[in-house]
Amino acid sequence: MNISYNWLKEYVNFDLTPDEVAAALTSIGLETGGVEEVQTIKGGLEGLVIGEVLTCVEHPNSDHLHITTVNLGNGEPTQIVCGAPNVAAGQKVVVATLGTKLYDGDECFTIKKSKIRGVESIGMICAEDEIGIGTSHDGIIVLPEDAVPGTLAKDYYNVKSDYVLEVDITPNRADACSHYGVARDLYAYLVQNGKQAALTRPSVDAFAVENHDLDIKVTVENSEACPRYAGVTVKGVTVKESPEWLQNKLRIIGLRPINNVVDITNYIVHAFGQPLHCFDANKIKGGEVIVKTMPEGTTFVTLDGVERKLNERDLMICNKEDAMCIAGVFGGLDSGSTEATTDVFLESAYFHPTWVRKTARRHGLNTDASFRFERGIDPNITIYCLKLAAMMVKELAGGTISSEIKDVCAAPAQDFIVELTYEKVHSLIGKVIPAETIKSIVTSLEMKIMDETAEGLTLAVPPYRVDVQRDCDVIEDILRIYGYNNVEIPSTLKSSLTTKGDCDKSNKLQNLVAEQLVGCGFNEILNNSLTRAAYYDGLESYPSKNLVMLLNPLSADLNCMRQTLLFGGLESIAHNANRKNADLKFFEFGNCYHFDAEKKNPEKVLAPYSEDYHLGLWVTGKMVSNSWAHADENTSVYELKAYVENIFKRLGLDLHSLVVGNLSDDIYSTALTVNTKGGKRLATFGVVTKKMLKAFDVDNEVYYADLNWKELMKAIRSVKVSYKEISKFPAVKRDLALLLDKKVQFAEIEKIAYETEKKLLKEVSLFDVYEGKNLEAGKKSYAVSFLLQDESQTLNDKMIDKIMSKLVKNLEDKLGAKLR
């Protein structure tokens, strides 16, 4: 949330610099990410000056350009080519000089000397939208005749500077979602640190009802969802541009001024955290505001022009005939104030956080109002803010306050009563804090001391502190204001440590595999278990019907639990690729979740749900980057296969005991599965389909492996580590060049080889593949190396030849192989 330094000073007096304020707020739990100097107009109009057009003639090479000379108040006139249709001699204009930076949203461009259709142009005569003082681009700005050439534009437009503090508000601190809320905490900090400070806010004592010419009735039909609703009317207003001071306040914190009435409501919400809504009173049919729910499926068009279907639990603000606003979330298209509005009805309410949160999530909306209502605002500030808003409307838009405040309140919000003992304060904080200091802190935080004893205090905590309802909550507040850095580390630490205990084998092996992968150049990633259900639309390998859906998702992008780690990794790859980092190796350990409707059991609610622990590997980009020693070499699925095999070896699995099969589905264009002999799937790895990559805007090939960690742990239960002496006898290598059908895979050769010679054959490796000229159609050549070794003697040629002859015969019989 953006907090204005100068605005903050209106509520609490201090002599701290912006950086000191940021440090103070961070120290008391309102973490401030940064301090930025800003101006009411982006860029501060630096480099812009007022000029006078001395001459203006048509460009010889254009039918719409003009060549002008402009007096910038610095002596010699400046030549500028201008394309605006309204440029003329004698005008006072705004000129961007060489080197000036102009902003278009987040983009910036610099004014440079240029030639336009062969004529030199030194600068630019500007339109409103080009310098950020308006939205018109119909022509250049023409200033009044009394504008003085050479005057800096920032002085002419009275550009103000301020500092914006980026305060990160945690979900429990709804009370700090405003300038006044932050000022309250800063005031407590100042008092604790011995500084003279006072907390103030504008008085509304001057509020007075002038007549009863526009009386609008208020009815609340659902007091659970709306415990308090208040409204007042102002008649005879003029909707127009806000005064400069109000526009500047909003611009500084990043808001765009709209008109005086709307700007007042935005000012109030950012000043005091109370969302307001302004209705055109003449559009309230029947002269009554009704707070209620609507039938399921009712359509309603919001301010953004989107037609939405309402849920029966969406609280609505209605008139006698129509819905006007989604309560606490978003206004309607046809009920708000416009430039033609003359009478307004101002709403100030307290809506139940849960109702607002669920409605906002259902419609995928996140507004300034819903952000505050769903966290819980101060129910007792509604009337104050309503009075202040009405007074401001009267002052800035004219008119008269034309009704009594209609305040429908089921029951006034009560303070939270908390019993606090000094002993517990000392126990939780770890330091004895004097009672007077504790009383000073709680008082500065607007907690009332209802009773006091030698043992502690009875406190009344204001209802806007929704996060402080227990003694431990109060103690946390005491600690953050007292200062975490003021609690010394004790000279002795009491702890209970043991060096004995059960070691989780799975965790230990996970760490070993993680270290192995990191050593191979992988980076570990951690993705959210929540993901987007749309990823699974139309998939057969991971059907949408098996998704574990969230009843109340944070957003449409986080509305289900993941069935696979794949999509999170592809998001990470896309994120890195967009930042010019395309050579990637990722791994992730995480749970995957599954729903099976066939397992539903009324007596076991969780029966249809399951989760498995998986390891995902992603490889993409180059395996070797271009250098003096190596040319570029792209990674391949075989590299991924090696990583998978090495993981199996690290876990102690015998690769020859596993069953490998082919796979091609909507995830992989080509892949292999690795199963136990009992049919349990241990891993799948292969090439991700182009269609899948396109959905994530990934251009490079991606190779993905999915290892079921749970099944791997089961598979290695019987694995035992054995040790043996290194053989004293040499190993012998024999190579074969085999002519085979193209459909034959190396895995088949490997399997036959190990079945043929189980004792002496130690390794089978493929070192060359050839397909092309001089081979029969449909054939390919494999060059395969066989490593033989006897642990008890040196192998002689006769023994080796016997093994190789048997091996060749089996390859010929089973695969139709021929020696080349």
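Quick reminder: no glycine exception, Cβ is built from N, Cα and C everywhere.
Taken straight from Swiss-Prot:
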BINDING   Asp467, Asp473, Glu476, Asp477  Mg(2+) binding site
DOMAIN    42-154  domain 'tRNA-binding'
DOMAIN    413-489  domain 'B5'
DOMAIN    727-820  domain 'FDX-ACB'
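Features as recorded by Swiss-Prot, highlighted on the structure.
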| residue | record | contacts (Cβ under 8 Å, 6+ apart) |
| --- | --- | --- |
| Asp467 | Mg(2+) binding site | Asn172, Arg173, Ala174, Asp175, Asp473 |
| Glu476 | Mg(2+) binding site | none |
| Asp477 | Mg(2+) binding site | Ile441, Val442, Leu445, Val468 |
Residues close to Mg(2+) site centre defined by Asp467, Asp473, Glu476, Asp477, Cβ within 8 Å: Asn172, Arg465, Val468, Cys472, Val474, Ile475
Per-state residue totals over the domain 'FDX-ACB' (727-820) - DSSP helix, strand, coil: 30 helix, 32 strand, 32 coil
Rounded mean pLDDT for the residues that make up the domain 'FDX-ACB' (727-820): 89
Number of other Cβ atoms within 10 Å of the Cβ of Asp473 (Mg(2+) binding site) across all protein chains: 17
Secondary structure at Glu476 (Mg(2+) binding site), reduced by DSSP to three states: helix
Counts of helix, strand and coil residues, the domain 'B5' (413-489), according to DSSP: 33 helix, 17 strand, 27 coil
Three-state composition of the domain 'tRNA-binding' (42-154), taking helix and strand from DSSP: 10 helix, 47 strand, 56 coil
